[in-house]
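Structure record follows, encoded as structure tokens.
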């Protein structure tokens, strides 16, 4: 590699790392190699499954680096190596070749949703380990974490990761036998095959898979499903013994799956257990910026921040809010989505999810908080750090977040021009204090009653 080529490639990596989350960079970029730059074409060696990501996300990076170093537009030619994920992708083991030559396996509909991929999964601190583990499993199925057990509340991306794993493996090995299924549907299939007295067909279908993706495994945790648990236990063993990958999702940890046989709980913990928690403000903004690409509207940045401040429990609420906005925008024939439009569109959803929300001016909250703690509104908005003023300021921010539908940036602006992260810090601090301090709870209820 020439000196200029090295400078060019270092610049590509530098720009990519500055624009991507670390886990995304590590997986999609770090192992790529520049072979040469000839004329205005850069030849890059990488895994073929990562080409689409480069085409969608890194072309501008290469162009920028090309102009900086060579003062010309650089295009990319991809060369693909035979990757580990290809050579180790799920395949039928050789010791079964003779057996399977005379036995036709039933066709398996994989039921994967093609819209879910690693490329369009938004990474934050709350899901980084789950994402990294999922990428690792897809890259080397059956060898790294088996099973992979992902748990967390609804609407946090567990199903997205399941499908992304399946789609990634399928891209590497189109012949892989993959099945995505909810635990509820597994139960239903078991019941149907019992009634038809055709259990051999069910065993062939599930025990000869290369990759089994089970969603919401907690549905299996019932005493009345002992026979189904037995069948799943045997299916799990058959797959695991043959180094076939199993990925499970749940709304709780394996140990919290009451009424699930202990031998299954033990097996669920054989591999890696990772948690996904609700997205923080920055991740919600990133999710919204990703999702709005599906809509033909222009969202103002303050609108995105407003929406991110309204729904903090899961991604489905954010997706639902965008659908609400789309309906209003279509009806009113709008091109630009302002905060006012968004607030109108999501009002019903906010009332359903947070019936406590009331239209209250932030100034009223500041006045009542100030009276209670013996400070002025001016002091609350100031930069003074005396203990009683800081407490009043944080309580005011907490109540503004709890009792109004204002975004975090808007609340911060009303409290002396502070940014959303300061408001979020104050909110979380008071929330934690309320969980431990009964006297603060009483103070809070007193202030709330005066505000109302």
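Keep in mind that glycine also has a Cβ here, set from the backbone N, Cα and C atoms.
As given in Swiss-Prot:
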- 155, 157, 158, 159: ATP binding site (BINDING)
- 1-84: region 'Domain I, interacts with DnaA modulators' (REGION)
- 84-110: region 'Domain II' (REGION)
- 111-329: region 'Domain III, AAA+ region' (REGION)
- 330-452: region 'Domain IV, binds dsDNA' (REGION)
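Swiss-Prot feature annotations superimposed on the structure.
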residue : record           : Cβ neighbours (10 Å)
155     : ATP binding site : 18
157     : ATP binding site : 27
158     : ATP binding site : 24
159     : ATP binding site : 19
Mean of the pLDDT scores, which run from 0 to 100, over the region 'Domain IV, binds dsDNA' (330-452): 87
CB-centroid shell, 8 A cutoff, ATP site 155, 157, 158, 159, site residues removed: 152, 154, 156, 160, 161, 249, 276, 314, 315
Residue 158 (ATP binding site): secondary structure state under DSSP, collapsed to three categories: helix
Tally of DSSP helical, extended and coil residues in the region 'Domain I, interacts with DnaA modulators' (1-84): 47 helix, 18 strand, 19 coil
